Amino acid sequence: MGETIETSIQYKQLEAGSTTSLKNGLKDWKKSRIIEKFVYVVAVITIIFLTHATVYAQWLLPYYYAVSTPILILIRVIMYWKNKWQYFLLDFCYYANALWYIFIWIPHSGEFFCVVFALSNGPLIWAMVVYRNSLVFHSTDKVTSAYIHILPGLLAFGIRWYTEDVSKYWFKEFVPEMPEMSLIWLLVVPFGCFLAHSFIYFVVVHVVAKPKEEYVTSFNYLGKKQDSCLYKTFNICGERCRPLMFYVFNWLFCIASLAGVFICYNFYIAHCVFLGVMSTILIMNGGNYYIDVFSKRGFVEGECE
């Protein structure tokens, strides 16, 4: 009899706990759905806004970049720290955006503009192809990834071809005299900046921090699938040389991506086509996600980009 009463009490406690847990889970689910709906609305409005700004009101681009970048980066820092993805914040895309953010406050330097132009239309925008960034409207993480890779390219486009319009309401004119094409400032110095980032990344990740396996870095994320081309590339000289090959691959990728910068810098139509193609890839990846992933798995929380 005593065992029956005790069992009954334990069952009721378990039932009460399950009910509480279910209510909390339902509450979190509703909260998450509200956030995703809000992100969806903001993402669509942003696309309309950036299209208008790029084509008709270029002066809006630096203001939008100056205000939105710190907000999105702060949100990403909080999100990534929570999920133990903080070492992604050492990636080149944040380094390039930091250089852009410095540039917009000292816009008179033509040579500096050439450097950030090359980085934003070279390794930064091509990285979204490597990482398969996608325009998934309800995902804060994926929308932010798309933003930090493509918006600097749009800003570079505006300053390069509509300098007066972009500078119209800014505190100082962007690049009063646009420099001629220069191998030094469009290739050598940008590649030097990339090498500097590689050195910083190596020291922090492989020498100082040495993160445990539970932490995700670009080094282990890009080469985690053994049947992938990147995994085979990084291990072409054996497991011991994998870190070296990771950096060598990145350096070759940077040089290859910078090769097309000269065309974009010199030809307006080519630059338009290039940004159009990159935007299309971003949208296609988003479509693939919704059709191939979202339609089967639905909403997935804590999914790494």
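Placement of Cβ uses the backbone N, Cα and C atoms for every residue, glycine included.
Remember, it's a predicted structure, so these values are computed and weren't measured experimentally.
Copied over from TrEMBL, here are the features:
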TRANSMEM  38-57  transmembrane segment
TRANSMEM  63-81  transmembrane segment
TRANSMEM  88-106  transmembrane segment
TRANSMEM  112-131  transmembrane segment
TRANSMEM  143-163  transmembrane segment
TRANSMEM  183-209  transmembrane segment
TRANSMEM  244-262  transmembrane segment
TRANSMEM  268-291  transmembrane segment
Distal contacts, the transmembrane segment (244-262) - CB-CB under 8 A, six or more residues away: 92, 117-118, 121-123, 125-126, 130, 181, 186-187, 190-191, 194-195, 198, 202, 219, 222-223, 230, 233-237, 274
Proximity of the transmembrane segment (88-106) to the transmembrane segment (143-163), 3+ C-beta pairs under 8 angstroms: yes
Remote residues contacting the transmembrane segment (63-81) - C-beta distance under 8 A, at least 6 residues beyond either end: 49-50, 53, 88-89, 94, 97, 100-101, 104, 140-141, 144, 147-148, 151-152, 155, 169-170
